[in-house]
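According to TrEMBL:
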type	residues	note
ACT_SITE	His225	active site, tele-hemiaminal-histidine intermediate
BINDING	Gly60, Ser61, Gly62, His63, Lys113, Asp118	substrate binding site
DOMAIN	13-340	domain 'DhaK'
DOMAIN	376-577	domain 'DhaL'
Amino acid sequence: MLNMEAQKKLINSVDCCVDEALCGLVRASGGLALLKGHRVVLRSDLDSLKGKVGLLSGGGSGHEPAHGGYIGAGMLSAAVAGGVFASPPPASILAAILTLHQAGASGVLLIVKNYTGDRLNFGLAAEQARNQGVAVDMVIVAEDCAFDQPSKAGRRGLCGTVFIHKLAGALAEEGCSLDQIVSKMKEVLKGIGTLGVSLSPCSVPGCLPSFDLPPGAMELGLGIHGEPGIKRSKVASADEVVKMMIDHMTNPDSQSHLPLKSGDSVVLCVNNLGALSCLEMAVVTRAAITCLESRGLVVARVMSGPFMTSLEMAGVSLTLMKVDPETLRLFDTKTSAPAWPNLSTAAVSGRNYITEAPVMITRPQDDKHSQGPLSPVMHKVLDKICSTLLEKQEELNSLDRASGDGDCGNTHAQAARAVQEWLQDHVVPGCPGRLLSVLAGLVEEKMGGSSGALYSLFLTAAAGHVTEGKTDGAAWAAAVHAGTQAMRRYGGADPGDRTMLDALCPAADELMKLTTAPPAGQMAVLHAAVEKAAAGAEATRDLTARAGRASYIAAERVTLPDPGAVAVAAMLRAVVETLAEQQ
């Protein structure tokens, strides 16, 4: 049974999680295979290694996708996994070396992060393999920039290791010898630096968190095993954190700094330590590119994502690698390794990344309009609708609190105030269709949310039916019908779903009688439409919500009418009462 206090991880058991994770990785990728009896992941096409240098890396688990995700043509040939944050055993490392040797590899390069356990175990396996006649060499990655004065243990190996996998893998694929690859990697390593920052610790499956980090604090310069960093400070903005990291990495007073000067070309890796959201990662990536460019550096390529994690640590590390055209060529070569990103080979710096937006049609509410015979009455109708919505603001909010987020009155009042403001500075156009377009623009912009979109759809669809020459009852009936249909089509609701359509649709159906009603009978149709809307709104008390926010709430808790339907009925009543007064 798992220690549930410490667990909070979606695993089956602490003992099996590493083996099951390796199995999951291999089962999901046709290019990978497991070595029987060992925690070793291999290329499934070992035949392709004949005459080439085989690349082997590895280390503790919990850093996924490192290192198993970097196996493939153009990268690693195999990776050995230890337990979570534990160095792999020499017997498995030796088994992996011998497997590559027997597949016909001309030699085997071990890429090892600078931790004592990894150095000892990989070193022991290398000596044993040499005794069996295998050409083996080792590159130790130690690119951590955290400590101003590293101890005798030296700098830690962090996410820069992934760059070495890539470059060494490209050279091996091209047929370079073991000595050539080692010599080139030692040179490249002088120009790589990494620094991490974290907002939270991580916890090994079955254990408590690796260290305590108080709320609002962050840790700078930590490793990838949950070991704390070099200093703790208050969480700052992404821009400030990134600047602090790059300042520290490049500070010439530190023995472990990365020497960079204006004009240097770099590849940047923004590495998610496990639990940062993609949104935060993109913000940090932008900050890092901007900060580097402000120092005169040319950012050649950027990788952003989880490349060497620390379980669920909410943090990020930045790795910088100085590059020349040849290093960049090797970096850009293709690989089949599943965790290597599909990067563009275009330079990041110096690229125009903004595309001009299309010239937008002017907003109807900004256009100059001319008045007509209908302008005064439409002005009065609008005044009445606005004052009605402002009067009903609290009533609509109260209804909405029972079934939604309690702001229905506020959003309608917002639209009403926007229309009132527009009326102060503009004339009401004589063409009703133009006025409906203006109102559509105003509610879309000022009302917002789904209500704004629905009303704007209604008004936009209706506008085309009441143009200069078409302002009779039949035209208005067609306009209301078209607007209602647009709401249904895009909103996905129907009458009976407990929405504003329960007031609008019966009224729209009644208004269709205007197409045949004699002029003397038109007011009767309008009054009947108002009553149908009011009855429809009242009937929503007994309906189960099937659309809108109320549909997420238990039906027995929703006993008041739908606020959207009540608003529609009130607006229709305001329109008809104003028209009746004008007669």
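Each residue, glycine too, has its Cβ placed from N, Cα and C.
Annotations in TrEMBL come from automatic prediction, not curation.
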Across the domain 'DhaK' (13-340), what does the pLDDT come to on average, as a whole number? 96
Ten-angstrom check, please: count other Cβ atoms within 10 Å of the Cβ of the residue listed as 'active site, tele-hemiaminal-histidine intermediate', all chains counted. 20
Do me a favour and check the Cα-Cα span between His63 (substrate binding site) and His225 (active site, tele-hemiaminal-histidine intermediate); whole Å is fine. 9
Rounding to the nearest whole angstrom, report the longest C-alpha distance spanning Gly60, Ser61, Gly62, His63, Lys113, Asp118, listed for substrate. 15
Quick one: Cα separation, Lys113 (substrate binding site) versus the residue listed as 'active site, tele-hemiaminal-histidine intermediate', in Å? 12
Shell list (substrate; ref centroid = CB of Gly60, Ser61, Gly62, His63, Lys113, Asp118; cutoff 8 A): Gly58, Gly59, Ala66, His67, Ala81, Gly82, Phe85, Ala86, Ser87, Ile224, His225
Site with most surrounding Cβ atoms, counting all protein chains shown within 10 Å, from the binding-site residues Gly60, Gly62: Gly62
With an 8 Å cut-off on Cβ-Cβ distance and a minimum sequence separation of at least 6, pull the same-chain contacts of Asp118 (substrate binding site), or say none. Gly58, Gly59, Ser87, Pro88, Val112, Gly157
The most crowded of the binding-site residues His63, Lys113, judged by neighbouring Cβ atoms within 10 Å of its own Cβ, is Lys113
